[in-house]
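Student: Just dropping this structure here.
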Amino acid sequence: MATPNKIFVLIIFFTTISSPVLAQLSVGFYASTCPSVFDTVRSATRSAINREARMGASLIRLFFHDCFVNGCDGGILLDDTTAVPGEKGTLPNANSARGYEVIDTIKTQVDRACGGSRVSCADILAIAARDSVVELGGPSYSVPVGRRDARAPSRAGTSDLPGFFEDLGPLLSKFSAKGFNAREMVALSGAHTVGQARCAVYRNRIYNDTNIDPAYATSLQANCPRATGTNDGTLAPLDPQSPNRFGNNYFQALINRRTILHSDQELFNGGSTDSIVRDYSDNPSTFSGDFANAMVKMGNLSPLTGTQGEIRTNCRRIN
Ligand code: HEM
Ligand SMILES: *[C@@H]1O[C@H](CO)[C@@H](O)[C@H](O)[C@H]1NC(C)=O
C-alpha cells in the first residue's frame, strides 16, 4: 500500500519530470538580490523608446532571436570575435538585429541599482521585451526570471530562425521544432504589428509576389529599386497602419494583402492558418491573450538555470 510519504515522493517526481524547465524560472527570483530590477528595466526601456520609437520593436525581436537560438541564454548579445564568431554576424541578424546598446545601458543601470552584477543579460532582455510590448500599447504579462547567460554563442543555432523567404510549411516546422503550434506561431507573428524591414528583405515580394495589393507594391517600388545593392536599407513598416503601436492591425493588413514579408503573407494565403488570422483580426482581446501566453512560453525555451552558465558583467562578452 502506498504510504503518504511514498505518494509525496511520487508527486515530486512527476511534477519535476513533467515540467523540468518551467519549474526553474519564477517572477520573484530576484526579490532579495535585486528587488528593483523590474522598475529599473521598465524606466530604462521607456526612455529608450521615447528617444527612438522603433526601439520597442527592435527589443521584442532581439528577445525572439535570443530564445529561438539555443534557448533564452543571452547568446545573441555576445559580440563576434575572430576566435569565436557569434550570432550577431549571421544572416538573420547582421545589419538587422538592433538594440544592443540599449541592453548595455539597462544592464549598467540595473547593476548600479542593485549594487553589483546580479541579474543576467538574458533576463534583462526578457523583461525589456515585455516592457516594450506594454509601452507600445500591447498586453502586459508577468515575466518569470532566473535565466543565466551562456558562456558561448550558438552560431549554428541561428539556422533555427525562420526566414522571410519561407513558405507556410517550413515556417510551421520551425515553430513546431520549438514546441509551438500553428495558433501560437500566428499569435507570435502578431509582433509584426510594430517595426520595420529593409528593402533587401521585401524587394523580391514587391516585384515578384502576386499575393500583394498591387497599388501598395507599386508605392514601395519607388524607394526600393529592382537592382540588388541599390537602396537595400530603405525601411518600410511591417504593418502599414501603425508601426509604433501594438495592436491587431497586422492581421487586417494580412487580410488586405498589404504586407511586405513573403513569410507574413503566407499566414493568410488560402492555407490552414487563414482562419486564425481572421479570428485575431476580429477579436483583438483573443489576440492579446494568446500573444502574452506565447511570449511567456517563448521565454521558457531551454534557459540555463541554477549553476549553469554565468551572470555576465558585460552582456557583450563572457566573464
Ligand atoms: C514567423 C516567422 C518570422 C519571420 C520569417 C520574421 C522575419 C522578420 C524579418 C525579415 C524582419 C525585418 C528584418 C530586417 O529587414 O532587417 C523582421 C522584423 C521584426 N520581427 Fe520578425 N519574423 C518572424 C517572427 C517574429 C516573431 C515571433 C517576433 C516576436 C515575437 C518577431 C518580431 C519582429 C519585430 C518586432 C520586427 C521589427 C524589428 C525592428 O523594427 O527593429 N518576428 N522579422
Ligand atoms: C524575381 O524572380 C526572379 C526569378 O526567381 C529573380 O531572378 C529575380 O531576381 C526576382 N526579382 C527581384 C526584384 O527580386
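Here, residue 1 is simply the first one shown, and the rest follow in order.
Even glycines carry a Cβ here, placed using N, Cα and C.
TrEMBL annotations: computationally assigned, not manually curated.
Remember, it's a predicted structure, so these values are computed and weren't measured experimentally.
The following feature annotations were taken from TrEMBL:
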- His65: active site, proton acceptor (ACT_SITE)
- Asp66, Val69, Gly71, Asp73, Glu87: Ca(2+) 1 binding site (BINDING)
- Pro162: substrate binding site (BINDING)
- His192: heme b binding site (BINDING)
- Thr193, Asp239: Ca(2+) 2 binding site (BINDING)
- Cys34-Cys114: disulfide bond (DISULFID)
- Cys67-Cys72: disulfide bond (DISULFID)
- Cys121-Cys315: disulfide bond (DISULFID)
- Cys199-Cys224: disulfide bond (DISULFID)
- 24-319: domain 'Plant heme peroxidase family profile' (DOMAIN)
- 1-23: signal peptide (SIGNAL)
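Situate these features within the shown structure.
Tutor: Listed in sequence order, Ile76, Glu87, Pro92, Asn93, Ala97, Thr158, Leu161 are the same-chain residues at least 6 apart in sequence whose CB falls under 8 Å from the CB of His65 (active site, proton acceptor).
Long-range Cβ neighbours of Asp66 (Ca(2+) 1 binding site) (same chain, at least 6 residues apart, Cβ-Cβ under 8 Å): Cys72, Asp73, Gly74, Gly75, Ile76, Leu77, Ala122, Leu125.
The DSSP secondary structure for Pro162 (substrate binding site) is coil.
Around His192 (heme b binding site), the same-chain residues six or more apart in sequence whose CB sits under 8 Å from its CB are Leu238, Asp239, Tyr250, Thr259, Leu261, Asp264, listed in sequence order.
For Asp239 (Ca(2+) 2 binding site), the number of other Cβ atoms no farther than 10 Å from its own Cβ, over all displayed protein chains, is 29.
Note: Cys114 (disulfide bond) has non-local neighbours Tyr30, Thr33, Cys34, Pro35, Ser36, Val37, i.e. same-chain residues 6+ apart with C-beta under 8 A of its own C-beta.
The Cβ of Cys67 (disulfide bond) lies under 8 Å from the Cβ of Met298, Gly299, Leu301, each on the same chain and at least six residues away in sequence.
Sequence-distant neighbours of Cys315 (disulfide bond): residues of the same chain at least 6 apart with a C-beta under 8 Å from its C-beta are Gly74, Leu77, Leu78, Tyr100, Ile103, Asp104, Lys107, Cys121, Ile124, Asp149. In the three-state DSSP reading, Cys315 (disulfide bond) counts as coil.
Its Cβ placed at the centre, Cys199 (disulfide bond) has 21 other Cβ atoms within 10 Å.
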Student: Give the subset of the recorded positions Cys34, His65, Cys224 lying near ligand 1, defined as CB under 6 A from any of its atoms.
Tutor: none
Student: Going by DSSP, is Cys67 (disulfide bond) sitting in a helix, a strand, or coil?
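Tutor: Cys67 (disulfide bond) sits in a helix per DSSP.
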Student: Whose Cβ lies within 8 Å of the mean position of the Cβ atoms of Asp66, Val69, Gly71, Asp73, Glu87, the Ca(2+) 1 site, other than those residues?
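Tutor: Surrounding the site, in chain order, are His65, Cys67, Phe68, Asn70, Cys72, Gly74, Gly75, Ile76, Ala122, Ala150, Pro153, Ser154, Gly157.
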Student: Of the recorded positions Pro162, Thr193, Cys199, Cys224, which one has its Cα closest to the Cα of Val69 (Ca(2+) 1 binding site)?
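Tutor: For Val69 (Ca(2+) 1 binding site), the closest Cα among Pro162, Thr193, Cys199, Cys224 is found at Pro162.
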Student: Measuring Cα to Cα, tell me the gap between Pro162 (substrate binding site) and Gly71 (Ca(2+) 1 binding site) in whole angstrom.
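Tutor: One finds 15 Å between the Cα atoms of these residues.
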Student: Using CB atoms and a 10 A radius, I'd like the single residue among the disulfide-bonded residues Cys34, Cys121 with the highest neighbour count.
Tutor: Cys121
Student: For the C-alpha pair, I'd like the distance in angstrom between Gly71 (Ca(2+) 1 binding site) and Cys199 (disulfide bond), rounded off.
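Tutor: On Cα coordinates alone, these residues lie 29 Å apart.
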